Amino acid sequence: MKLDKYYINMLHSSSFTCLTVFFWGVSLCRGVDLTRWKEEMQKEAKPADLANFVRHLSEDHVFPNKVLVDCTADTNVASHYYDWLKKGIHVITPNKKANSGPLDRYLKLRTLQRASYTHYFYEATVGAGLPIISTLRGLLETGDKILRIEGIFSGTLSYIFNNFEGTRSFSDVVAEAKEAGYTEPDPRDDLSGTDVARKVIILARESGLRLELSDIPVGSLVLEALKSCSSPNEFMQKLPSFDQDWARQRHEAEAAGEVLRYVGVVDVLNGKGRVELQRYKRDHPFAQLSGSDNIIAFTTSRYKEQPLIVRGPGAGAEVTAGGVFCDILRLASYLGAPS
């Protein structure tokens, strides 16, 4: 609650006014008091209509600038960014779908962004609140050359492999992660590696590579025999049958003084990306994580011998909200709000 009040006070001090809220299938198309938005939504919200929502935002209000903050993971919502930017509506989002979607649409979106005075910010698409996109952009804009980006991009998979040690079984660790709320309702959504691939493609494109999501080889952790499970419960029931296979991989790594980590790699020099399970020596930074931390290493012309590393919590509502809010304040700064 204290954090909510802090955000609201910061919005007011930056001269932001909430014109409309679109939330879980309902919307409220009028000015909203952010200290009471839940109560107002319960009393006056109407069935959600995205076209009406944007029409209301586009109307000739007294406010010179409008921003739409998309906190969904919806492909359909992301497909409207181009039209919204064209209408002069700034867009801020943690939604990965637009920047990891079809390359032609992505390039069209970025071309419009660069040619207009409308801003499109998406820091929280990779690493939640961690400064990953801004760090990469800072390197590129100051003339550095990106050689390689490598990292542990999934808080879920970071947690699983940080805790998959000793005598613990893989299925027990996955069950623990699910119980703690780290995984999606169906853990296969995390274990498939698709979300990591989306983050890899976002960073690859930021680095200048013109790659499609389908160009990224993904080493899924969901074994073939488990892909056909009809429900998450069936998957969790059958997962222990493969604990011996996972234990063997862990023992082989431990015998070599290594640990297992699930990583994404952008190989800029060779124009490639990949997502896979890798082994790292115990003194490697990737081997020294705890909890659900993310870690991303930038190897560049300047940071060649010792990569530039960003590390910290890369998942969760609070840190993601922080990343989105940082973009909101950045936009306010660009538009002339007091610093």
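Using the three backbone atoms N, Cα and C, a Cβ is placed for every residue, glycine included.
Annotation source TrEMBL lists active site, proton donor at K199. Take the CB of K199 (active site, proton donor) and look out to 10 A: across all protein chains shown you find 25 other CB atoms.
The NADPH binding site annotation in TrEMBL covers T72, K96. Sequence-distant neighbours of T72 (NADPH binding site) (same chain, 6+ apart, CB under 8 A from its CB) are N95. Under the three-state DSSP scheme, T72 (NADPH binding site) falls in the coil class.
There are 15 other Cβ atoms within 10 Å of the Cβ belonging to E184 (L-homoserine binding site). When secondary structure is read from DSSP and collapsed to three states, E184 (L-homoserine binding site) falls in the coil class. Marked as L-homoserine binding site by TrEMBL: E184.
If you look up TrEMBL, you'll see 34-123 marked as domain 'Aspartate/homoserine dehydrogenase NAD-binding'.
As annotated by TrEMBL, domain 'Homoserine dehydrogenase catalytic' applies to 131-329.
If you take the Cα of K199 (active site, proton donor) and the Cα of E184 (L-homoserine binding site), they are about 17 angstrom apart, rounded to a whole number. Proximity of K96 (NADPH binding site) to non-local residues of its own chain (separation of 6 or more, Cβ distance below 8 Å) is seen for A73, T125, V126, D195, R198, K199, I202, given in sequence order.
For the domain 'Aspartate/homoserine dehydrogenase NAD-binding' (34-123), the DSSP-based tally of helix, strand and coil residues reads 45 helix, 12 strand, 33 coil.
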